[in-house]
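Quick look at what TrEMBL lists:
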TRANSMEM  B:12-36  transmembrane segment
BINDING   B:H28, B:H70, B:H113, B:H155  heme binding site
TRANSMEM  B:56-79  transmembrane segment
TRANSMEM  B:91-115  transmembrane segment
TRANSMEM  B:142-166  transmembrane segment
TRANSMEM  B:178-199  transmembrane segment
Amino acid sequence: MSENKTVRFIITRQDRPDSAPYEEEFVIPYRPNMNVISALMEIRRNPVNAKGEKTTPVAWEMNCLEEVCGACSMVINGKPRQACAALIDKLEQPIRLEPMRTFPVIRDLVIDRSRMFDALKRVKAWIPIDGTYDLGPGPRMPERKRQWAYELSKCMTCGVCLEACPNVNSKSNFIGPAPLSQVRLFNAHPTGAMHKAERLRAIMGDGGLANCGNSQNCVQSCPKGIPLTTSIAALNRDTTIQMFRDFFGSDEV
Amino acid sequence: MAGNREFYYRRLHSLLGVIPVGVFLVQHLVVNHFATRGPEAFNRAAAFMENLPFRYFLEIFVIFLPLLFHAVYGIYIAFTAKFNTSQYGYFRNWMFMLQRITGIITLIFVVWHVYETRVQAAFGAEVNYEMMANIVNNPFMLWFYIIGILSTVFHFANGLWSFCVSWGLTVTPRSQQVFTYITMLIFVALSIVGIRAILAFA
Ligand code: HEM
Ligand code: SF4
Ligand code: FES
């Protein structure tokens, strides 16, 4: 019987970055243990829509296929998530696929997440270790803190938290939760802490931390379970102190 | 140098919502509550407030200007959000939306309320028990006041919650959870004070 079972998709498509989106339906043969990516591969293999017309294959992005790269993020049945981790057996049909419209759509389900990588540059989400001479090994992190930091380091810049945030949209320039949490990660590192004030000042700029309105959708949506709202509240505390330091001066160098 | 002020504007907006506007709101509700003890008690309490020294200074710098800034910047904040509770029906997301909607309702209510009372007072009317009783004599206006009071009190109570996050006072999920309960109790308590007072005029 299983060879007669099918999976129904309604996919929001878009041919060019500036063209209008439209919906197209697909019915593909069911196979056990399918996920959204393998279904999209099936459509690519045989690009025929539900009306039996030949069409262009649906474009999407992918890389790791194990929910660690974030490239395959899309809105599946109304929720932004990774297509490679979305099992067909667990989805209600027809399965609706849409691009994450918070980002510029390049084609079909492919979006441009450049703003997230620009944000990481803006907040200096790295630890400067290069010098003109060998700086030697850095200080060690206590194991407990390392485990804590590991959780924050799981961010794969997938963009789901920006898609879920009501304050990240075309009317605002909010940088979004992910790069903010990275500031907390790098500020917690013993070597990274040397540039703590610089990172805090970066997120005190326009479109930064203060734009958070505490809807807390991000922490509910993050596929990696990153405590984004705890990071944001902790940064609110850090920037409160930084604000007073910058205004009144500080005895700390 | 127009750039990079947003952080300070947002912090100022947050601070002004509690100090002085929130403090004034609580004081205002408590004074109005004297109406439950009869017209004389209310008139005495209102007269005491009216005869405070430096009245115009207090009105301008403790109420009018802070509220004006909070309201104008609040409208801007409210309209930069794109509500999405239908897709993300989480409790905090609803509160996020309600905070913005009650802000707008509160603005409409406060503008009308100030026009009917303080502005009329400037034109020579006397603000007393009778004035309020005449206003809420009209059932439509009574409901307008009840909705306005509930909206303002909710906005203030839930605002206290986000104030504590905005300044980094409540950081952990547990502290935020406990503070949700506390602020909802504040909402209920202040609602009782406000509704009892307005019903005392009806
Ligand atoms: C009785 C008058 C008012 C009081 C006591 C009050 C109080 C507060 C408080 C305590 C906050 C929390 C600040 C924070 O999130 O850190 C707040 C937030 C807010 N208020 Fe008001 N407010 C009043 C009137 C208004 C008005 C007239 C508006 C106009 C629309 C408004 C719009 C907002 C908005 C949009 C926020 C959310 C800010 C954010 O979450 O970032 N408020 N208010
Ligand atoms: S914080 Fe979570 S939801 Fe946001 S980009 Fe990183 S992994 Fe994705
Ligand atoms: S392909 Fe990398 S997360 Fe899905």
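Glycine is no exception: its Cβ is also placed from the backbone N, Cα and C atoms.
Annotated features taken from TrEMBL, shown on the structure.
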residue: B:H28; record: heme binding site; CB count, 10 Å: 15
residue: B:H70; record: heme binding site; CB count, 10 Å: 23
residue: B:H113; record: heme binding site; CB count, 10 Å: 18
residue: B:H155; record: heme binding site; CB count, 10 Å: 25
Winner by Cβ pairs under 8 Å against the transmembrane segment (B:12-36), considering only B:56-79, B:91-115, B:178-199: B:56-79
Sequence-remote partners of the transmembrane segment (B:91-115) [C-beta within less than 8 Å, at least six residues beyond its ends]: 67, 71, 74-75, 77-78, 81, 83-85, 144-145, 147-149, 151-152, 154-155, 158-159, 161-162
Check: same-chain CB within 8 A of heme site center, minus B:H28, B:H70, B:H113, B:H155: B:V21, B:F24, B:L25, B:L67, B:T106, B:F109, B:V110, B:T152, B:F156
Reduced DSSP assignment, B:H70 (heme binding site): helix
